[in-house]
Every structure is written in C-alpha cells, then in structure tokens.
Amino acid sequence: MARRAAGGGGGSHGDDFSFVSPVVKYVLFFFNMLFWMISMVMVAVGVYARLLKHAEAAMACLAVDPAILLVVVGVLTFLITFCGCVGSLRENICLLQMFSVCLTIVFLLQLAAGVLGFVFSDKARGKVSEIINGAIVHYRDDLDLQNLIDFGQKEFSCCGGVSYKDWSQNMYFNCTAANPSRERCSVPFSCCLQDAGEAVINTMCGQGMQDLSYLEASAFIYTNGCIDKLVNWIHSNLFLLGGIALGLAVPQLVGILLAQILINQIRDQIKLQLYNQQHQADPWY
C-alpha cells in the first residue's frame, strides 16, 4: 500500500504531494461499490428463490435453474468488485491487479462467446436447442424455470423447441399410451393463442393438442418452435443486441483502464517514497 511521501519540507516533493489521483481512486471505488451492492442483491434474490423450492426439486435440474445462475453470477461479481473496492480504497496493487485481470478475462470470454456464436452459428443453435429441450424435460420440476418458459413462449408466440410436439419429452405431457397423467398429449397454457377479451386465463386450453395435426392445432395454439422464433428475433434486433453488448463492455473497459492508471500511480508513489527515504539524510535535501 502506497503512503504519502515523507520528504523534507524543503524538497521538491513535499508532504502534500502524491502521484495518486483522488479522482481516479474514488471514481474506481464508487464504480465498484455500485456493482458490489448489485451483486449482493443478486445473491440474496437467488438464495431466497432457491430456499423457496421444495426439497425434492432442489437437485432436479441445477444446470437450468435461474436461481442458481443468479447466485453464480452474483458471487463472481461480488468477488471481482470486492477486489476493486478494497484495492482502490487501500491502494493495494495486488488486489487491483487481480481485479484488472479478472475483468479482462470476463471481457475476453464475452468477446470470444460472441465471435464463436457468430462463426459457429449452427453449433450454437444446436446448443440452444439442447438447453431448451432440457428445460422442457424439467418444466414441472422448478417453478422459476416454468415461469421463465411460459414467459418466453408467450412473448415469442411459440411452443416447444422445434414444434409444439416437443412437449412430449416431458413426462407429464408425454403422448404415449402408457402415460397416466391428466396432461397427457397436452401443452402448457402459454402455448395457447391469446384472446384479448378473455378475463381469466384458461390453463387447460392446451389439453390434447399434441393429438392434433399442425393445421388443426394452429387454430388453438402456437405450433412454431421457439428456436426459430428466437433466431429470427436475434436477426431482427442485431443493433439492439450490439448496443447491449457495448453497454456491458464499456464499464468493463473503463474499470480496467482506471485500475491500470491507479496501479501505475501507486508504483510512482512508492518510488517517490523510497527516494525520499534514501535522501532524507542528505544535507541538500
């Protein structure tokens, strides 16, 4: 940690001089403090949502659980911003370097994910399909996941991954004759066509829809899958997604830049301190 130079009063660099800029130091501190508090809220919400789940659902599908995702992102953000907060406030080079390196890795991973997703769009599409199919399988196991799928199907006016018949992958909606579920061959209510004049949602509107052909089912539900709808939405909103990506990248780049500036200033301050200590005994100092 850098300290104020302890040079003699007559020296060119007196007691009040410091290479460390208070503006850079406290801007970086408050920048990290803001995201630190946001990360704590994310962790709290994720843990609270996880604790509300039933014990049997707790291990059902950790890979697609929004609450787990929220906790993981929150914890990583908390650790990174903690290094930035303490490092800037205490002028600790080690913590600032750790903050800068972690932020650089996160930025590069985001950049790599974007480039790979664009270059290998077919494989990315296959991975998205795999995630959606996994979510369909665990639809009834997790209330948060269920709400997320229902929201997506209503917003994108779609049903299932490739088509509405994908819901047969779920044990409750499975269309085999051996399935004893009352929801056999059905689809969730979020697949149903929206009726603006309907005051109360009919949650049984998807009953037996998998038994119908595409043409017959299209009169009652969305038959197109969500994967194509999502791809079309992405192609139609490239500028919006680019703006979001830029909005995420700019704070990260600003944080990295401020951290590096502060590190260099602290190093200069340490050199000044050592210089003053070595020349305090000089008669001309």
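Yeah, the Cβs are placed from backbone N, Cα and C, and that goes for glycine too.
What TrEMBL says about this protein:
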{"type": "TRANSMEM", "residues": "26-49", "note": "transmembrane segment"}
{"type": "TRANSMEM", "residues": "61-89", "note": "transmembrane segment"}
{"type": "TRANSMEM", "residues": "95-120", "note": "transmembrane segment"}
{"type": "DISULFID", "residues": "Cys158-Cys191", "note": "disulfide bond"}
{"type": "DISULFID", "residues": "Cys159-Cys175", "note": "disulfide bond"}
{"type": "TRANSMEM", "residues": "238-263", "note": "transmembrane segment"}
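All features noted in TrEMBL, drawn onto the structure.
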residue: Cys158; record: disulfide bond; Cβ contacts under 8 Å, 6 or more apart: Gly152, Cys191, Tyr222, Asn224, Gly225, Cys226, Asp228, Lys229
residue: Cys159; record: disulfide bond; Cβ contacts under 8 Å, 6 or more apart: Gln153, Trp167, Val187, Pro188, Ser190, Cys191, Ile221, Tyr222, Thr223, Asn224, Gly225, Cys226
residue: Cys175; record: disulfide bond; Cβ contacts under 8 Å, 6 or more apart: Lys165, Ser168, Arg184, Cys185, Gln210, Asp211
Packing count at Cys191 (disulfide bond) (other Cβ atoms within 10 Å of its Cβ):
25
Cβ pairs under 8 Å only, please: of the recorded stretches 26-49, 95-120, 238-263, which one is richest in them relative to the transmembrane segment (61-89)?
26-49
Same chain only, please: residues at least 6 beyond the ends of the transmembrane segment (95-120) with a C-beta under 8 Å from a C-beta of the stretch. Say none if there are none.
32, 79-81, 83-84, 86-88, 245, 248-249, 252-253, 255-256, 259-260, 262-263, 266
